[in-house]
Amino acid sequence: MADYIVKDISLADFGRKEIAIAETEMPGLMATRAEYGPQQILKGARIAGSLHMTIQTAVLIETLTALGAEVRWASCNIFSTQDHAAAAIAAAGVPVFAFKGENLVEYWEYAHKIFEWHDGGYPNLILDDGGDATLLCVLGPKAEKDPSILNNPQNEEEEALYAVMKKYLAEKPGFYSAIRAAIGGVSEETTTGVHRLYQMAQKDELPFPAINVNDSVTKSKFDNLYGCRESLVDAIRRGTDVMLSGKVAVVCGYGDVGKGSAASLRQGGARVIVTEVDPICALQAAMEGYEVQTLNDVADKADIFVTATGNKDVITVDDMRKMKNNAIVCNIGHFDSEIQIAGLRNFKWDEIKPQVHHVEFPDGKKLIVLSEGRLVNLGNATGHPSFVMSASFTNQTLAQIELWTNKAKYENQVYTLPKHLDEKVAFLHLEKLGAKLTTLRKDQADYIGVPEAGPFKPDHYRY
């Protein structure tokens, strides 16, 4: 029996062609293969991957295997898989469990499959995006001790998760404790997952060391900012074919993702309004020329609404009842909790095409909801471009190498990659853009108190 679940394995050739193109746009990963591949630095590593199964992720997976690792993979979002990418990786012999449009039970079943190795063994590393794989290693052992904690799901997502976990508790006693004991560390990709890790660490519940990849400068200041700047408008246009020029758009949240989203909409010709709870971010938005208002003040005036906060219930049903007919509502944060989708389920839904729905209120007014409130840039489009993902995924690869080769160095806490690796990731991407670095003279380096070859900034420097 094939050790993969994909939509259509015959898409593998198509996927392989796009992977080949992506490789030319991902210099960091290709340089990492060239540097570490000959020594097979990850030989013996078994990596359970939970991250959007895209063409760019395929290049990451094949970088990990080129470095000697064994890998099993699932997507971290029910809509984000690119089926030709999953097929290409499965055809190459890597077990992949992902297709676009999974239901929630399938999603959590596949999240479990990445821990079930072909020989009955377990993985020893996790590469996570959003923290769901790590969650199983924390919640699972608790449920083994007290199954009653799975009896009261608070939402549709927990209902599916708890159902799958109950099945594993019955069929594989001790499974969760075994995987927790086997894992030597996790590298986490995104803001939401990092937030979960810090919460676990504060409660002394983090079962293994964690590297926060998200807060590498070459991740958060590039992927989150420049990636969203390109992919948000791409998703809205693919989903709706709407003309952005002249429209009023609201971006909820002005962190790195919000900054990229606001820039994306502005470049598309929209007039952008920002909502914020943080006075520093609000001032940044105002100084960039954006209006800063409350959602309550603009709900009935805007044409497009985008959430980018990482919080819950940012746009409520009451907010949506105030919106214009055919206003577009979407989310570019990791989870689907930012828009009150559960409350919208009480109204009439009509699928226009995959990941595009009309939701009709009793008064006849309709909204256009994209990707059911999940990540719009991966649900309605193909996510960030390859080049910016190369920086993020080079950080992920270096984090996996660090966890594998320096296990004794880390305790069960959350760490970031050192500055010299951040600078290395940036350096690997300069040549592709034709950028040339100026070299410090020794007297200049001495004058500002840094090594001639870097690191050039202290850890607390804000880029």
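Quick reminder: no glycine exception, Cβ is built from N, Cα and C everywhere.
Remember, predicted model here, so these are calculated numbers, not experimental data.
Sequence-distant contacts of LYS219 (substrate binding site), defined by Cβ-Cβ distance under 8 angstroms and a gap of at least six in the same chain, are GLU189, VAL213, ALA391, SER392, ASN395. Annotation note: LYS219 (substrate binding site) sits in a helical segment as assigned by DSSP. Residues or ranges marked as substrate binding site in Swiss-Prot (evidence: sequence analysis): THR54, ASP129, GLU189, LYS219, ASP223.
Less than 8 angstroms from the CB of HIS334 (NAD(+) binding site) sit ASP129, GLY130, THR190, THR191, THR192, GLY193, GLY310, LEU375, each of them six or more residues away in the same chain. Feature annotation from Swiss-Prot assigns NAD(+) binding site to 190-192, ASN224, 253-258, GLU276, ASN311, 332-334, ASN377.
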Cα distance, ASP223 (substrate binding site) to GLY255 (NAD(+) binding site), nearest Å?
13
Of GLY253, VAL257, GLU276, which is closest to THR54 (substrate binding site) if I measure between C-alpha atoms? They're all binding-site residues.
VAL257
If you draw a 10 Å sphere on the Cβ of GLU189 (substrate binding site), how many other Cβ atoms land inside?
27
Which one of these binding-site residues, THR54, THR190, THR192, has the sparsest Cβ neighbourhood, judged by other Cβ atoms within 10 angstroms?
THR192
Could you tell me which three-state DSSP class GLY253 (NAD(+) binding site) falls into?
coil
